[in-house]
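Remarks on the structure that follows.
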Amino acid sequence: MSEKIYDVPAEWAKRAFVDDAKYQEMYASSIRDPNGFWAEQAKRVDWIHAPTKIENVSYAPGNISIKWFEDGVLNAAYNCIDRHLATRADQTAIIWEGDDPADSKHITYRQLHDEVCKMANILRNRNVKKGDRVTIYLPMIPEAAYAMLACARIGAIHSVVFAGFSPDSLAQRIKDCDSKVVITADEGLRGGRKVPLKANVDAALNKVDNVDWVVVVKRTGGKIEMNPTRDLWYHEAAEMVTTECPVEHMNAEDALFILYTSGSTGQPKGVLHTTGGYLVYASMTHQYVFDYHEGDVYWCTADVGWVTGHSYILYGPLANGAVTLMFEGVPNYPDNSRFWNVIDKHKVNIFYTAPTAIRALMQGGDGPVTKTSRESLRLLGSVGEPINPEAWEWYHRVVGDNRCPIVDTWWQTETGGILITPLPGATRLKPGSATRPFFGVVPEIVDADGNTLEGATEGNLCLTRSWPGQMRTVYGDHARFEMTYFSTYKGKYFTGDGCRRDADGYYWITGRVDDVINVSGHRMGTAEVESALVAHPKVSEAAVVGYPHDIKGQGIYAYVTLMAGETPSEELRKELVGWVRKEIGPIASPDQIQFSQGLPKTRSGKIMRRILRKIAEDEPGALGDTSTLADPAVVDDLVQHRQNRKEKQA
């Protein structure tokens, strides 16, 4: 834990929306009178019918129900586009920066309106109605924003699938939410390489039969197959429709989107967010956490395939009339200066990225950063996983020239928006700490039995109060919603994260405590990777755990037992890595595979993951009690053949 403290720069305290006194006052008000507080915040969006009911929430076992602003009526796309046309039609809404540094464009709010209406009319003409699901499998191109906002405009529910997922993962997600339409591109571009998106969609649709239409955006012009009865080119369909499309009236509790996240059971969960509460919360957190002022150029480097892209590239910034940058590329293409060149090119003021990217660029040294100016920057942010103090210090010193505060934000797909975070004009910073709760958020640290722990302590992080951005259910499976988040500690939302609170009341996230690994800020269920490995004909059994990784935060460590007669080899190791890439996607590739004669199991057959974690972390002396194992000799073999020895890496 870092002992350093960075005070709020005086000029920040002066110009920010919130200084420390204001934070204390607003936070106290949000806890004392949540209905009054959130009724006031609800005014930041335009309502067709303003809500009179603010919060209606139950965390009671068997009756988990979350409703905010439930009698209000609005439209998210109207709030992100139309309401800005009177005052900023010609202001840039989206700066798009392509994979190729020579490829960029500015899209104004008026242009955004016209393009979204065209996409919405294409969908309406294909009989997409309010409540229908649309799967979006696109690269980071403007059409991804058009597609999401077009769905919001007509009341369809979008399900964005990250374009790095495999055909099998895509098929699973299309089937689970019963999508009528898939919107994709011929190919994606990433780091100079082509990604076969349409071919992946074709492969996925061989496994499902619920899709009527595939809308294809021409990105590269590469050769693809088109099914004449199902597939249509976006650019051709767009020529046949108008740039006007009336907005659907949406109840605040009507669904806005589904976003799949890894679960510990291996079956992805469709996290469902609704319209009113989500939009209010995304807008509010974007304004206060990033201290967004009119005219600022704001860049969140996430992909819209993840929740950070939903809340902090699209909905939050656009609801606030912001200039938001959308980046198709990767941090190290064409070289390690790419992020910093983009900041200089577009005069970016606020920069929000992941610790994984920071750590990877840090390995390339200071040179690629210091040869750029970055003088436009005034605020840095971190998201996706805890940031280690060394990376925090480098980010602050080298990228921010010791002058830009860092907002180290903690939240989840399920929370819709940021929950624990510094506010740049209000919060003294400690490297590695997410610091204090946002307005209305009440964290509680509990022990394994659910007892509340007070003061400076460490345990499991729960939240005792609801907030408007909270997910409402797991799509199609409310019982799973209750089981996953509310059954461990009754009457509380359990985050699945461990947490430490220091003597100053600052929160330090210590990582997942369930069977989910956080790889480069993206959650990956261990069961999902295990299922992929066991599907290989040569694999009898597999167990997957996380271990500390210098770049990714956590790496994937797989223990694999082979079928009788099969022999471990380097070739088979590579084959299994490729197999998992194909089954799930590159993000799930194991970093280490250890072939094992068996796995440590209790006499009842339960795998002792605690032991596997310690071996993967190269801590064989900390295995604890192994007497309950059916065959303790298995552990000796695993320790002897472990892949992640410190001396091996030296």
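Every residue gets a Cβ built from N, Cα and C, even glycine.
Swiss-Prot lists Gly384, Glu385, Pro386, Asp408, Thr409, Trp410, Trp411, Gln412, Thr413, Asp497, Arg523 as binding ATP, and of Arg397, Arg428, Arg480, Arg512 the one it places in that same site is Arg512. Of the residues Asn332, Asn336, Asn341, Swiss-Prot places Asn332 in the same CoA site as Arg190, Gly191, Gly192, Arg193, Thr308, Ser520, Arg581. Each of the binding-site residues Val534, Val539 was scored by how many other Cβ atoms lie within 10 Å of its Cβ, and the smallest score goes to Val534. Sequence-distant neighbours of Trp411 (ATP binding site) (same chain, six or more apart, CB under 8 Å from its CB) are Val383, Gly417, Ile418, Leu419, Ile420, Thr421, listed in sequence order.
Residues Gly384, Glu385, Pro386, Asp408, Thr409, Trp410, Trp411, Gln412, Thr413, Asp497, Arg512, Arg523, recorded as binding ATP, reach a greatest CA to CA spacing of 18 Å. Within 10 Å of the C-beta of Gly384 (ATP binding site) there are 24 other C-beta atoms, taking all protein chains into account.
Within 10 Å of Ser520 (CoA binding site), as judged by C-alpha distances, the binding-site residues found are Gly384; the full candidate list was Gly384, Thr413, Val534. In this chain, none of the residues that are 6 or more apart from Arg193 (CoA binding site) has a CB less than 8 Å from its CB. Among the residues the record lists as binding CoA, namely Arg190, Gly191, Gly192, Arg193, Thr308, Asn332, Ser520, Arg581, the two farthest apart have Cα atoms separated by 24 Å.
A C-beta separation below 8 Å, combined with a sequence spacing of at least six in one chain, links Arg581 (CoA binding site) to Ser166, Ala588, Ser589.
Rounded to a whole value, the Cα-Cα separation of Val539 (Mg(2+) binding site) and Arg512 (ATP binding site) is 27 Å.
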